[in-house]
Amino acid sequence: MPTESGSCSTARQAKQKRKSHSLSIRRTNSSEQERTGLPREMLEGQDSKLPPSVRNTLLELFGQIEREFENLYIENLELRRENDTLNERLAAEGQAIDGAELSKGQLKTKASHSTSQLSQKLKTTYKASTSKIVSSFKTTTSRAVCQLVKEYIGHRDGIWDVSVARTQPVVLGTASADHTALLWSIETGRCLVKYAGHVGSVNSIKFHPSEQLALTASGDQTTHIWRYAVQLPTPQPVTDTSQQICGDDEIECSDKDEPDVDGDVSSDCPTIRVPLTSLKSHQGVVIAADWLVGGKQAVTASWDRTANLYDVETSELVHCLTGHDQELTHCCTHPTQRLVVTSSRDTTFRLWDFRDPSIHSVNVFQGHTDTVTSAVFTVGDNVVSGSDDRTVKVWDLKNMRSPIATIRTDSAINRINVCVGQKIIALPHDNRQVRLFDMSGVRLARLPRSSRQGHRRMVCCSAWSEDHPVCNLFTCGFDRQAIGWNINIPALLQEK
């Protein structure tokens, strides 16, 4: 009979020693102890390499775990007894109702069948209602064509405002935090003029209604009026790489996809450094400016909580519009009447009436719960206001007690713009989306945004151009670019 080698004997002893150590810290109840024949005192008295304090702690923890399992086991037994009692009661009630004996299995089958029918009915109703909603959105957006046409890249910082000239030649203007304003050829995307007269962020740009003049508001507490003269280049035929996409299934993209705009493409275009007129009456950042109808006066809005009305020819301050409790965020003028609307961080917007030279009335409107980022006039007697409270409200000037339509969104609203002829509202959002609604609050479309097109950061402003064969919408944002879109208006309105 072969003898056991020294190495095998040593290994067996080590294995038995480890087994005895594992048993020394094992906690069992009384029944387990009786079954194994290892009482608690024996377990605690076995040799262990662990310090006594550590071993006692482990024993106490295992005891707590054991008690928890015991409690769960007891609760489980009680629940089983209650379940059996309920089943017997249901069987008795089912027997009384049906007038015949029903076994537990038959009753359970009947209850399961009725529950299944109810669940199926709920699922069918819910599916039908949600499918109707989803299909309505898909039908609306599938026929709409929102096509990216051109990207205008050249600024070295975020773009706050975008505007379209009202006179020929029609150019695009952008105002940027890089202290410049640029004029672009809409067709070619080429920078035509660079204005570098401000020493602060250029927050707003608006074109004169009848002359080649631009009005820019800046963080340097001034508003400049400057003249430009441009000659549009001959448009070159380009291949259309964009897709006719306008739905909610776009691929999301991150800020890493931003276009590389470190090169200053505006350095080759003519630069204007001196304004014709500088309006200097504010004590804070001038956040917005606009021309009054006729172009002989201009209104500015500032963080000093005031709006100023100036005479353009003399640069004199005509009226200082006070009343807002916090910084102003925007100002807008009526296209055909001497009306001004200003919005503020105090959650209100105000309507200033200058139609009667002897009376300058003001009306305060409180319809939002957060900063009113912009309020603009539309055709007729309507005002549209947008807010950081994620709502847009349409108001009737004849009855401003309550809005005639409310649009609720999932993100804060920035400077809105209305296509006056078609009565379509463009909503730029903090979440990089741009959505289109009609005046009654019905959503028409969302501009496509994917890894290939659309804004990569917050969209600040939008502007419509209705002088082209196809209605154009221009958007700008913190990704330092402006984008031109072709909007198929008939397709948008067809599903109304």
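Glycine residues also receive a Cβ, built from the backbone N, Cα and C atoms like all the rest.
Annotations in TrEMBL come from automatic prediction, not curation.
Marked as compositional bias 'Polar residues' by TrEMBL: 1-13 (among others).
According to TrEMBL, the region 'Disordered' annotation covers 1-51.
Marked as compositional bias 'Polar residues' by TrEMBL: 22-31 (among others).
Residues annotated as compositional bias 'Basic and acidic residues' in TrEMBL: 32-47.
For 152-194 (among others), the entry in TrEMBL reads repeat 'WD'. Cβ atoms under 8 Å from those of the repeat 'WD' (152-194) belong to residues 200-212, 214, 216-218, 228, 230-233, 235-236, 259, 261-262, 264-266, 268-272, 288, 415, 457, 460-465, 467-468, 472, 474-484 of the same chain, restricted to positions at least 6 beyond its ends.
Mean pLDDT for the repeat 'WD' (195-226) in this predicted model: 97. If you look up TrEMBL, you'll see 195-226 (among others) marked as repeat 'WD'.
Among the features that TrEMBL reports, repeat 'WD' is placed at 279-320 (among others).
Across the repeat 'WD' (321-362), the DSSP tally of helix, strand and coil residues reads 0 helix, 26 strand, 16 coil. The feature repeat 'WD' is assigned by TrEMBL to 321-362 (among others).
Look at TrEMBL and you will find 365-405 (among others) tagged as repeat 'WD'. Long-range neighbours of the repeat 'WD' (365-405) within the same chain, counting only residues 6 or more positions beyond its ends whose Cβ lies under 8 Å from a Cβ of the stretch, are 329-330, 332-335, 339, 341-345, 347-351, 411-418, 420-421, 423, 425, 427, 437, 439-441.
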**Prompt:** What parts of the chain pack near the repeat 'WD' (195-226), using Cβ distances under 8 Å and only residues at least 6 beyond its ends?
**Reply:** 157, 160-167, 173-183, 271-280, 282-291, 293-295, 298, 300-302, 310, 312
